[in-house]
Amino acid sequence: MWSYDCDDPLASALPPASFSSSSELSGSHGPGFARLNRRDGAGGWSPLVSNKYQWLQIDLGERMEVTSVATQGGYGSSNWVTSYLLMFSDSGRNWKQYRQEDSVWGFSGNANADSVVYSRLQPSVKARFLRFLPLEWNPKGRIGMRIEVFGCAYRSEVVDLDGKSSLHYRFNQKSLSPMKDTISLKFKTMQSAGVLLHRAGPGGDSITLELRGGRLFLLINAGEAKLPSTHSPTNLTLGSLLDDQHWHSVLIQRRGKQVNFTVDEHKSRFHAQGDLSYLDLDYEGNVSFICSQPQSVPVTFLSSRSFLTLPASSREEGVSASFQFRTWNAAGLLLFSELQVVSGSLLLLLSDGKLKLNLHQPGKLPSDIIAGAGLNDGQWHSVSVSAKRNHLSVVVDGLVTPASPSLGPEQIYSAGTYYFGGCPDKSFGSRCRSPLAGFQGCMRLISINDREVDLIAVQQGSLGNFSDLQIDSCGISDRCLPNYCEHGGKCSQSWGAFHCDCTDTGYTGATCHSSIYEQSCEAYKHRGNTSGFYYIDADGSGPLRPFLLYCNMTETTWSIVQHNGSDLTRVRSAHPEQPHAGVFRYPASAEQLQATIRQAEHCQQELAYYCKKSRLVDQQDGSPLSWWIGRTNETQTYWGGSVPELQKCTCGLEGTCIDAHYHCNCDADRNEWTNDTGFLSYKEHLPVTKIVITDTGRPHSEAAYKLGPLLCRGDTSFWNSASFNTEASYLHFPTFQGEISADVSFFFKTTALSGVFLENLGITDFIRIELRSPTTVTFSFDVGNGPFEISVQSPTRFNDNQWHHVRVGRNMKEASLEVDQLLPKTQPAPADGHALLQLNSQLFVGGTATRQRGFLGCIRSLQLNGMTLDLEERAKVTPGVQPGCPGHCGSYGKLCRHGGKCREKPSGFFCDCSASAYTGPFCSNEISAYFGTGSSVIYNFQENYSLSKNSSSHAASFHGDMKLSREMIEVSFRTTRSPSLLLYMSSFYKEYLSIIIARNGSLQIRYKLNKYQEPDIVNFDLKNMADGQLHHIKLNREEDMLFVEIDESTRRGVHLSSGTEFSAVKSLVLGRILEHSGVDQDTALAAAQGFTGCLSAVRFGHVAPLKAALHPSHPAPVTITGHVTESSCVAQAGTDATSRERTHSFTDHSGTLDDREPLTNAIKSDSAVIGGLIAVVIFILLCITAVAIRIYQQKRLYKRNETKRSENVDSAQAVLKSELNIQNTVNENQKEYFF
């Protein structure tokens, strides 16, 4: 890289007259004695009074490039400055405050009188005048400074343009590079609009650099002949507040179509449309080559306590004032003036970005004028206020807003004092009052009664009074440049801060950094969510946007990504010169899909390829005749079920091809339908984006293909964990790069009292997250403003060996700490302080660089700015750390509901629902059935009393010689029929239990625990239970005590008199009982009627009869009679099915995501006539056996899709026709589940 020496001392050789100051303590403390390391005079400069309005100035004689500064205190004294501001100017007026790269305003000064502190200026300053403004100094002394500045000469040609003149230049075409173009310039102006540069070529090509509203616009037009009609000229905006009469640099670099646009330190890069190589310019015109210096003295109101008081002629008739202002604040006091005689007041306020003029006179209604709008846009706005006799008006940016004459004053006189920007406190004895806070912003060109105010005289103390002002400088800055609002967040600002609106971005936080969505379906599942559509943000807080996919929450969680080409597509007449190309589009970008696939444990995509005299490979030269293209845009010639290296099909691997001489069925080139179908599962090549077919151009040659959705299961990051066994053990990773925004999230579990989770150090900066105590998690950090700490305390202990989730964030506005669901804690970033987190050491996980205070326990799913650290891989080679961490059920076991048992897996857990009446990943999906008239489900506990002892089934726990002293029963139902029998349990000893709905709709429970006694009857007649609503019943018997709960609201305890034991349970019946002898009359009546309606979640102890009947996992002693079908008791007939909980197979989600026209209609082909004849034949056959054939074909299709392997079908041609015929029906079923 090219460099040059620019570190010469610039101040040491200057005469004393080049130094000036706001004041001096004595003749020997003058500014001429402020040279570095000099001892003459009193040994440095000291002002008369030490306050924040003092300054020391140096005139370098001409514009110089200043690269660094150095400071000392007064020689041999207690006078030194501990912090200061640096300002610069070309003319000695209109000063600009220097701001370092990380937005820090102030410089660190000295800690004693004689040591030298150097500060490098990055970027450097090009100026003639420098001014040092002390902010803080030794409290036991006063301000004292000696200074030096370093740099080198800076010379450049300048041109002065007045808005009407221009400079033209014709380029030599031979000197222009067709591939490379560079335009650089510097400019300064007080005007907010104007064209800086326009470069036009003969073909309509042009580049325009234009200033609008203090911002630079770069417009590039490649010419009408070269620009497609769909493209508009490139328009790029950079910079802000560029009308401040200070130099700003512009650099435009073009290399080919790549354009770099730089304004000051802000950069943007983009690709230009068209060709910009040949441009033509002319040279003409006369301009001035000396840069004029307009003398405008701005003043900055630094805080809401700032004010400026200016005198006016006492008893002057009327009030008149004008000025210009700029601000970001929407509200503040601009002007207050007292009125004599009538003791009134005139207030000019900025309210909600509008001007509000209020004239208050005792005994009269206040007179208000509203003018302007959006005046807090950071631009200069002119204001003129006039109140004389019966005329009251406000002029804003040249627009007059008068008041009606009846509201105007008859005659008013000024009290002689004008208050700008705010009111002094009460100690000044002023009558200035304002309903709003003071103004923060800049003012200039202040005039009172048509006489301009000399603000330099105010600065010198000879005119008016002020507080907390910065005179001869406008200190406004654009805090939205650069825009620290991430992911499309909208930036707005006030004088001291910026704010981010994250609405509709999918992100949250002070800078829209953190995603509101999970990174995988696995993460959604372990929040307790069920199957459905979810937004996935695969890289968390990274740059990739979230996208919508379907999560199938089974024991294994599948992510399902659709594409536009799920229909079966037939191909004919394709040959190498005119191939068929099917392109598949997904609802996510390649980068989003790549992140999702990389994070998954396994991905697959089924590609079904049917062929008739259509080969995959040319056997003569081995060249592919059909192939597919994946995410990497590379041609792939292996097919479903195979691997990339072998370039075979499934049958070639299994040795089942129809011709053993070939590796694929289709390569046999037979004049009959066959197929090569299977799952592609090499993650680096998925998903399939294109398929190309070239061998269907011969007679009778045809092919067809169908691509399934992308299926991915698991999440490699969610369960990625490590166990730390000693306090000295840790894992180390590369330095964490989180200069502007950083977020860290992880899970931990421990039994230790304390320990450091994570630490990364810099020279002075650092971050550390630790368990400070059993109930406290602490985030410590330093970004250059001193160390800060944030702690979250819990009412319960964190060291309970349960998983706890920690999320830490730090950005330009704040730092935050969140643990589990406890109240988050935040720490605002200091205003105008250091903002960049600069780290350089390794990242330590589970310990520290000193090997002390290490963490004992487990850390899981550690993510930094959305990227997962592979703890397991690093732990494999690290002593004292083990990969993985057992014991997930302790934290996640509560997700297993309705009696489901949590079981550990090497990575994660699953819910064992075998003893539950429910199913699903968390045993939360009810198993319900609709019972038609006369139907029943019978669960036989013992087929024969004498064989019960040898039974190995679930019923084995109910032995014939066993006496049940307790049981627990649950059942939910919905019906409109009465009487009805809900549940009947019998024994070999003619004991029974019946739950019935009586004729009057009341619920009755009848227990007969002794065949020689009458049954106990428990009657609930609170309401009609046959009302068509869903009801829940829970019975719990402990010997002779029965506890009943209905609909989780009605509870009753009953003492049973018929006995305490249930002997030799025989069977449990749901619905109608054919043989009901030996029961009471009401039970017999209900048994004869049976049950018509919906039963759900039926459980008797560990036995779930409906589950055994509808979802048998092994042979069960269940008998079904009549019409019993699986249904949902939650939704009645006619209710929107989408309100039900749904978990579907993969084939349920292979339809299209939108209504775009499919690439190839599976029914249409080149042979339309032949297809028509076939369609007629098929139609006749369908008319003969309509429903049966259709159901049979559909089952064949679904069965084929679920085999997950390619098979050679004896009648493949019939299968293909079957699939073609039912294509529309399948699509309709699939589209039910898509938005």
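Heads up, the Cβ atoms here are built off N, Cα and C, so glycines get one too.
Here TrEMBL flags 6-152 as domain 'F5/8 type C'.
The annotation domain 'Laminin G' is assigned in TrEMBL to 297-474 (among others).
In this model, the domain 'EGF-like' (476-513) carries an average pLDDT of 92. Sequence annotations record features per position, and here TrEMBL assigns domain 'EGF-like' to 476-513 (among others).
The annotation domain 'Fibrinogen C-terminal' is assigned in TrEMBL to 512-563.
Annotated domain 'Laminin G' per TrEMBL: 720-885 (among others), in sequence order.
Here TrEMBL flags CYS858-CYS885 as disulfide bond.
Taken from TrEMBL, the feature domain 'EGF-like' applies to 886-924 (among others). Beyond its flanks by at least six residues, the domain 'EGF-like' (886-924) meets 525-526, 528, 530, 553-555, 557, 714, 718-719, 749, 801-803, 858, 970, 1097-1099, 1102, 1104, 1106-1107, 1111, 1113, 1141, 1143 of its own chain at Cβ-Cβ distances under 8 Å.
Feature annotation from TrEMBL assigns domain 'Laminin G' to 944-1129 (among others).
Look at TrEMBL and you will find 1168-1192 tagged as transmembrane segment.
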Counting only residues at least 6 beyond its ends, the same-chain positions whose CB falls under 8 A of a CB in the domain 'EGF-like' (476-513) are 99, 239-241, 266, 300, 326-330, 378, 440-442, 535, 537, 541, 543, 545-546, 740-741, 743, 809, 811-814, 816, 831
For the domain 'Laminin G' (720-885), the candidate among 6-152, 297-474, 944-1129 having the most Cβ pairs under 8 Å is 6-152
Only counting partners 6 or more residues apart, tell me which same-chain residues put their Cβ under 8 Å from the Cβ of CYS885 (disulfide bond). SER721, ALA722, SER723, LYS749, CYS858, ILE859, ARG860
